[in-house]
Amino acid sequence: MNLNSRQIIVVPISYSINAILLLIIPLSIWYYIYYVRKLKSNVLDWYAYLFNDKSEYLEPAYKFTPTRFRVIFPFLFPFLAFIILNVDYSLAAQDAANFTKAKDLLAWFSYVIFHLTVSILAAVYLYVFHPPGTLKCFAFALGFQIIVAVFSHLLPTMAPPWLIHVYDYYDVKHKGYAAGLTGVDYHLGTNLNTDGFSQSPIGFGCVPSVYSATAVQCFLFLIFNSRGSYLRQSGAEDDRRDFRANSCRRSIERSADIDLERDFDSVQLLAYDDTSSDTLVGSDKDDDDEDEDDDDNNDDNDSRCSDLELEDDIIVSSSLPGPYTGPGKCENIIYRWLFHTGYVPKILGTTFLVVQWWATMYLDHHFRFDLLAGMFYAMLSYLVVTWYILQPKIAKWCKVRLEIDGDEEEVVDGEDGKTMGMRVFEDKGWGWFFDPFA
């Protein structure tokens, strides 16, 4: 079979098989989790409905929907990543006509500068704007995937594309090489990249790509932890929202003991339209309120695990603390879009991932397979960390932040219900800016 026949027959078939596998297998897992095991919460973000959803707060009862984009997106991500990788590959063709000074500099900034700085900037964002412990989980996820990747590099010593393009498939004598980065040295009049990469004693260790794993890890934390809360105040002093917590006995207390049969909706915090109630935890309710609560409990039974014994509803009357009612603070549409929808970190994280994948192939440092392998390493690391460490921390933070089982000022296991930015700037009137619920 000549080259043209291979391109016409083999390549499309290979693309189709890979795309189908990356779509069918994750969707099969999604179907098994949500329709066979009947999990009633986002597997990667147990409290996404609280931080990001709006429609649930307009209904008297919250009901989980597995087909929501935020729920199904993690299972579509491998397929979407496969498409993006191939688009990037076509834009990173190793053709002399494709190389320009602007592309060389963009690839260098992404591959070198942004690779070193984006994870730091993401860490600062997570530390300042998110519940305590998020930064530690991010650092642990990065460290875990890099350690596993280094051990993987010692096993299948796979060569980078430049080694094959410059020498041949069987060359094991040459040291490291800057490949496409030599063009940057030419444009800048330096030998910084050439001298640096030539110090590497070997040219192997490309699977998985640490560059891809780092970019994907930043992407995952920014996508799933950037909050677009609708629990903000409207500006009227008497406009208060009540939150109902349907608390399961195996929720916060057993957050470290987790399996697929656990109900991740164990602490459902629901807002409803009855703003006249000032009922507090532990206070008496009239008969009508009790009847309404019983009806709500019956409506919610389908959305909870049947093997969990539910406690009575806890009504918490809460006006979110901090100067949210200041004039124009959260009412400006542009301001809300920029700072309280989570779009900015999502867009920046996605852009960095797409550009980083393109840069690694444009500079001839990685194959698509290397980048795809790095993506799966990052996804596995994120899944382990968020499942066993991050989400239990967020559950505890929400419990204190929304005054469940206690007062707002109470500290539970060292948790005060505030982000770092809230603690630092609350006396200066800027605490609302750093509040995920603002």
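Our numbering is plain: 1 for the first residue shown, then up by one each step along the chain.
Yeah, the Cβs are placed from backbone N, Cα and C, and that goes for glycine too.
Keep in mind that TrEMBL annotations are predicted by a computer and have not been checked by a curator.
The compositional bias 'Acidic residues' annotation in TrEMBL covers 285-300. Taken from TrEMBL, the feature region 'Disordered' covers 278-304. According to TrEMBL, the feature transmembrane segment maps to 12-34, 71-93, 105-128, 135-155, 202-224, 337-359, 371-390.
Ranked by Cβ pairs under 8 Å to the transmembrane segment (202-224), the stretches 12-34, 105-128, 337-359 are led by 337-359. Here the transmembrane segment (337-359) sits against the transmembrane segment (71-93); at least 3 CB pairs are under 8 Å, leaving out pairs fewer than 6 apart in sequence. Taking every listed stretch (12-34, 71-93, 135-155, 371-390) in turn, the largest tally of C-beta pairs under 8 A with the transmembrane segment (105-128) is reached by 135-155.
Sequence-distant residue pairs (6 or more apart) of the transmembrane segment (371-390) and the transmembrane segment (71-93) include at least 3 whose Cβ atoms are under 8 Å, placing the two stretches in contact.
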